[in-house]
Every structure is written in C-alpha cells, then in structure tokens.
Amino acid sequence: METLYPRLILDALSNVRYPGNGKNIVELGMVEDDIRIDGNTVSFSLIFDKPTDPFVKSLVKAAETALTTYISPEVDVKDRIGVKFRNPNPAPRPDNPLKGVKNIIGVSSGKGGVGKSTVASNLAVALARMGYKVGLLDADIFGPSVPKMFGVEDEPIYAENVDGREMIVPVERYGVKVLSIGFLVDRNSPVLWRGAMASRALNQLITDALWGELDYFLIDMPPGTSDIHLTLVQTLAITGAVIVSTPQEVALADARKGLAMFRDDKVNVPVLGIVENMAWFTPAAHPDERYYIFGRDGAVKLAEEFGVRVLAQIPLVGSICEGGDSGAPIALRDSITGEAFMNLAGNLVEAVDERNRALPPSAKVETHS
Ligand SMILES: Nc1ncnc2c1ncn2[C@@H]1O[C@H](COP(=O)(O)OP(=O)(O)OP(=O)(O)O)[C@@H](O)[C@H]1O
C-alpha cells in the first residue's frame with residue numbers, strides 16, 4: 001500500500017456527499033483538521049452542526065468506506081472516526097411557552113366571513129362571565145377583527161421589562177386578555193407581505209407576552225388552511241379546535257377540509273366540536289320565527305359525519321352584528337342571543353373536560369430543519 005498522507009485522505013473523503021444538498025463533506029468543512037496517520041492507521045473527526053443531524057451514523061460509515069475503497073482495503077479506519085458538533089447544545093425551545101395556560105383552543109373556519117371572529121370573541125366573553133381566566137389571541141392575518149369587536153383598536157400597547165426581557169402586556173377588556181396580530185402588522189400592507197411577517201409576529205405575541213395564568217387561551221385562527229396554522233401547531237400544544245361554519249354548502253365543503261387538516265396525522269389536534277353560525281334568521285320583530293336562509297342543519301350533519309359535537313347553533317340576528325361593530329360583544333348581555341353564547345361556553349367547557357379525560361395532552365408538532 002502506498003504511504004498515506006493527509007491530501008490522499010481528503011481526496012478520498014471528497015467522494016462522500018452530504019445527503020440533501022449534494023455537496024461533499026470536504027467542501028462543506030466537515031472534516032476536522034485533526035487527521036492522524038500512523039502507518040496504515042488513520043483517525044480524524046467529522047464535524048456536524050448539531051447532535052440531531054440524522055446523517056451522523058451513515059456519513060461516518062460512508063467515510064470509512066471511502067478510505068478503504070478509494071485508497072486501499074488495508075487502511076485501518078474502522079471505529080477511528082470521531083464525531084464533533086458545532087452546536088452541541090442548541091438552546092432548547094421552551095417546551096410550552098405558555099406555562100400558566102391550562103387549555104389552548106383554536107377557533108377556525110374553512111371559509112372567510114362565516115363569523116369565526118364573532119364566535120371567538122363572544123365565546124371568550126362568555127367564558128370570562130362564567131368566572132374563567134381567559135385570553136384571546138387574534139391570529140387572523142387576513143382580517144384581524146377582534147380589536148374592533150372589543151373596542152380596543154386604538155388602545156396603546158405597552159411592554160413591560162421582566163428579567164431583562166421586554167414583554168408585551170395584553171389589553172384587558174370584559175375580563176378577557178386580548179392581543180391581535182393587527183397590533184403588530186399594518187392592516188393596510190399587502191396580504192403577501194403580511195404573510196411573511198406574520199409567523200414571526202405571532203411567535204412574539206405568544207412567547208413575548210404576559211399572558212399569565214389562564215384557564216382558556218383562545219386563538220382566532222385565519223380561515224382555511226395556511227402556514228399560520230402550521231406555525232401555531234409548532235409553537236403551541238393546542239388542546240383542541242373549534243370549527244365555525246354556516247349551514248351553506250360552500251362553507252361546509254371548506255369546513256370539511258379544516259376538519260381533515262386538524263385530524264391529519266402530522267397535525268393531530270382533536271376537534272372539540274362545530275359551531276353552526278347563522279343557523280337561521282330571526283327578525284327582531286318576530287322573535288319566534290326562523291328562516292333557514294343558508295340551508296338547514298348543514299353543520300349538524302357535518303358534525304354527525306365526523307363524529308364530533310355540535311357546540312352551538314347561533315342564529316343570524318342584527319344584534320350580534322351590532323355588538324361586533326360597537327365593540328361590545330352580545331355575550332355581555334342577558335338576551336336570548338347572549339344566552340346562546342353562554343350555552344356555547346358551557347358546552348365547550350364540557351367538551352374540553354371530556355377531551356382531557358380521554359386523551360393525553362397535545363404535543364407540539366415537531367419538524368426537522
Ligand atoms: N350570527 C350572526 N348574526 C349576525 N351577524 C353576524 C353573525 N355572525 C357574524 N356576523 C357578522 O358577519 C360579519 C363577519 O363576521 P366575522 O368577522 O366574525 O367573520 P370571520 O369568519 O371571522 O371573517 P374573516 O374570515 O374575515 O375573519 C361581521 O360583520 C359580523 O358582525
């Protein structure tokens with residue numbers, strides 16, 4: 001066998017490619033400058049970014065094989081390749097950034113404009129009226145309407161220094177702690193740009209905000225299925241999802257996609273139930289009459305199909321819309337409609353209790369970078 005020298009070793013190792021980017025381990029700087037040669041015996045180290053690199057074992061094996069194949073089968077390198085990591089202890093992501101929060105509920109819809117924010121806002125107020133500690137995060141980048149529904153659009157947002165970290169203080173209204181993506185991302189900027197900004201801004205609203213102790217943390221999610229949903233399930237262990245739909249066919253078709261997304265193996269968020277909004281129209285002058293203008297019981301049938309609860313049927317009434325516009329959700333009032341949202345809150349509490357008894361806590365969705 002010819003005499004070994006470092007260049008020969010490096011030339012042989014340049015045949016080993018890092019899976020994924022196709023570059024060889026020498027040009028990637030993965031071969032440490034510690035090659036030792038003693039007769040036929042060769043030892044050196046390979047440097048990986050982090051211990052979680054999935055290719056550590058296979059690349060060590062490939063490097064051994066490269067030396068015995070391209071130089072000589074007599075090269076003695078087996079079990080002599082060390083492994084080092086540039087970031088041996090990557091800062092662990094906080095497992096649950098909301099330590100004091102018991103239940104995280106995503107309020108979602110397949111289609112825009114079905115009343116998801118109205119339901120989320122009234123549900124939050126109703127839970128607070130029942131005595132629970134409630135937070136509401138408006139994550140709907142396409143139409144952040146929670147600030148308007150709570151009348152806090154022009155409220156200044158303060159930060160408080162906690163242990164050297166600037167923490168955002170949620171606005172408190174009607175017993176609910178509220179923050180909205182609309183506070184951070186300019187509502188007049190184009191949707192595309194907002195999308196790019198949104199994931200970071202959302203993370204900030206979750207991890208850099210003083211949510212404190214909460215029984216229920218509601219998230220008004222964007223309609224449909226999007227990157228924002230992925231960001232949320234990766235940042236938070238969501239207890240369960242509530243799907244809002246009208247009885248209309250097009251809304252139901254989209255709600256079905258939303259249900260499938262939450263149930264997907266990779267997302268795996270339990271669906272707590274469906275809220276049928278605008279279930280019927282009741283004119284103010286004829287409170288006993290019901291007109292099924294968007295169809296009848298569509299969401300109820302969808303719930304049956306997927307084996308989930310109907311958490312509430314909310315009628316289409318002028319006072320719900322007025323409540324939203326005036327910044328005072330209808331659930332604050334003791335009216336028939338206010339009562340509908342109190343019932344929804346009661347049913348949700350039951351569904352969450354049942355879910356927590358039957359299933360282990362949700363886990364965040366892990367992805368490989
Ligand atoms: N049950 C209801 N009765 C009367 N008006 C309603 C009802 N539900 C929602 N609305 C009104 O419908 C409009 C849309 O509601 P909302 O903003 O809650 O929908 P959304 O699904 O969150 O929409 P987006 O996807 O744009 O965020 C609002 O003006 C709201 O006041």
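Cβ from N, Cα, C; glycine included.
Residues or ranges marked as ATP binding site by TrEMBL: GLY110, LYS111, GLY112, GLY113, VAL114, GLY115, LYS116, SER117. Per TrEMBL, domain 'MIP18 family-like' is recorded for 9-69.
DSSP states for the domain 'MIP18 family-like' (9-69), grouped as helix (H, G, I), strand (E, B) and coil, give 19 helix, 14 strand, 28 coil. Among the binding-site residues GLY110, LYS111, SER117, residues whose Cβ is positioned under 6 Å from ligand 1 are identified as SER117. Looking at the domain 'MIP18 family-like' (9-69) alone, the prediction's average pLDDT is 90. Shown in sequence order, SER109, PRO223, VAL244, SER245, THR246, ALA251, ASN277 are the same-chain residues outside GLY110, LYS111, GLY112, GLY113, VAL114, GLY115, LYS116, SER117 whose Cβ sits within 8 Å of the Cβ centre of the ATP site.
Listed in sequence order, ASP138, ASP140, GLY143, SER145, VAL146, MET149, ASP220, GLY324 are the same-chain residues at least 6 apart in sequence whose CB falls under 8 Å from the CB of SER117 (ATP binding site). Neighbour counts of Cβ atoms within 10 Å were compared across the binding-site residues LYS111, LYS116; the minimum falls on LYS111. Cβ neighbour count for GLY110 (ATP binding site) (all protein chains, 10 Å cutoff from its Cβ): 24. According to its DSSP assignment, GLY115 (ATP binding site) is coil. Looking only at the binding-site residues GLY113, VAL114, GLY115, the densest Cβ neighbourhood within 10 Å occurs at VAL114. Contacts of GLY112 (ATP binding site) defined by a Cβ separation under 8 A and a same-chain sequence distance of 6+ are given as PHE142, GLY143, PRO223, GLY224, in order along the sequence.
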